[in-house]
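Here the structure comes first, spelled out in structure tokens, and everything after it is commentary.
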Amino acid sequence: MAVPGKVAAFRLPPLPTIGDIIKLYRLKAQKQLSQNFLLDLRLTDKIVRQAGELKNAHVCEVGPGPGGITRSILSAGVEQLLLIEKDPRFIPGLQMLSEAAPGKVRIVHGDILTYKMEKAFPKHLTKNWEDEPPDIHIIGNLPFSVSTPLIIKWLENVSKKDGPFIYGRTQMTLTFQKEVAERLTANPGSKQRSRLSIMSQHLCTVENCFVIPGQAFVPKPEVDVAVVHFTPLVQPKIEQPFELVEKVVRSVFQFRRKYCFRGIETLFPESGRLKRTEQLMMTANVDPTLRPFQLSMSHFRNLCNTYRKMCNEDPSLFVYNYREDLKQKKKTNSLKSTSQPEQTEEEEQL
């Protein structure tokens, strides 16, 4: 008998197991979509617990597949659950879950990379950026092929406070290959320190929650999987536009095994490259003989702030693209070599 004045906890009615759903709808993980199913509901419950308190929350699950994590989210007592699934084969099984939780589930057949998250949740849930995070969560067991481009896209959204972050500092709980998770959370000096480390940590608190062994998935991937939790920071550690930060960070890590000045110099055109590189590194107080993975967040902040000033003085700097420049030079050299007459054996020897 329910206690007076208390709302009974939501419970899903008896349902076929995830394994039965896979058999019933003849679902098979597609390698080209890097799909891996998680059938153990104890593990899906553990993933959902990393998101925090979900009672009466609004949740978006990315790529629910056969619905293992979906069941755990619904069992947590959410108010509304938005499912975004690209693969049409999973829709009937998800509709079965929707019918088991009347009024709680909305299914969208679409691609999360192009889905407009600005209209995903009710406007009344919006909170000021400085306030506590809104009662909105993004959860997903991401296919390996989409995880990195998707988190970069969402980090850009965090920087611009748009997309799912138009509602405030929306929290995310996502799965990645273990190696990618290690990059996301790597500290200065760690060999795993990379572009992803800087781009995520300057915008969010990033926590590597736990590792799921590969054998827990069907089919078993060749790598282990890690669950990572993101909470956007009130104040980013580098207060510059996302595009500028990404350009500087990408350049620094372009030659990750060399001294950092080698990557930094690719920010500048060949004419005056050395002089400008020296100016940037001296003003930013960065030792040119440090390796990229040894640079701290304050190093990157100084580099970005100084580069911004240099771009303000010479706007052509920001549009300069080292790789495009390199391609053009190769193309020009190739045309020159084809237009010249073939060398004799004697000329080649000389």
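The first residue you see is number 1, and the count goes up from there.
The backbone N, Cα and C atoms fix where each Cβ goes, and this holds for glycine too.
Cβ-based neighbour count (10 Å, all protein chains) for Glu85 (S-adenosyl-L-methionine binding site) stands at 23. Per TrEMBL, the feature S-adenosyl-L-methionine binding site maps to Asn36, Leu38, Gly63, Glu85, Asp111, Asn141.
Per TrEMBL, the feature domain 'Ribosomal RNA adenine methylase transferase N-terminal' maps to 43-234.
Positions annotated as region 'Disordered' by TrEMBL: 330-350.
The highest number of surrounding Cβ atoms within 10 Å, among the binding-site residues Asn36, Leu38, Asp111, Asn141, is found at Asn141. Gly63 (S-adenosyl-L-methionine binding site) counts 23 other C-beta atoms within 10 Å of its own C-beta, drawing on all protein chains shown.
Across the domain 'Ribosomal RNA adenine methylase transferase N-terminal' (43-234), the model assigns an average pLDDT of 95.
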